Amino acid sequence: WGILFSHPRDFTPVCTTELGRAAKLAPEFQKRNVKMIALSIDSVQDHLSWSKVRGGGRGSSHCCLALKARGEAHTGSELCVFVFGPDKKLKLSILYPATTGRNFDEILRVVDSLQLTAYKKVATPVDWKHGDSVMVVPTLPDEEAKKLFPKGVFTKDLPSGKKYLRYTPQP
């Protein structure tokens, strides 16, 4: 698993706080076997200087900056997040405006969901957090669901009478 997140420039206030938070959460990403790469377009010297900013910036060897030493500087102001699975396929992309810092707790939550749903026949409902009940995928027949989820499958009664909202404790 890997995360690539981009920054428009070094020494920007929002990005400085984000890299500090990413560095602080690096052990959580490591527990999930996720490698983080932060990408910015400034010079190697700027990257090295920025990495020393106390209380922000990189602040840790767990979160490295990919260096771009030559080429035209891009003046865009996007803050992109890309999550890739072990199959090297893109699993998530988020584009933030430069004025809005990324929520790394949400990114961790999404990684938890992506990893869980990659290996189990479940989906995660709205506002799901690690440890909450999950939904059984609708393509899984009831009999197979009962075998796969020994803690039980619980169907929510709906006005339509349809039985597609099936929940189970997180496997």
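Numbering starts at 1 and runs along the chain as displayed.
Glycine residues also receive a Cβ, built from the backbone N, Cα and C atoms like all the rest.
Copied over from TrEMBL, here are the features:
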DOMAIN    1-116  domain 'Thioredoxin'
ACT_SITE  Cys15  active site, cysteine sulfenic acid (-SOH) intermediate
Worksheet item: In which DSSP state, out of helix, strand and coil, do we find the residue listed as 'active site, cysteine sulfenic acid (-SOH) intermediate'?
Response: helix
Fill in: Sequence-distant neighbours of the residue listed as 'active site, cysteine sulfenic acid (-SOH) intermediate' in its chain (C-beta under 8 A, six or more apart)
His7, Pro8, Arg9, Ser40, Leu79
Worksheet item: Which value does the mean pLDDT take for the domain 'Thioredoxin' (1-116) in this predicted structure?
Response: 81
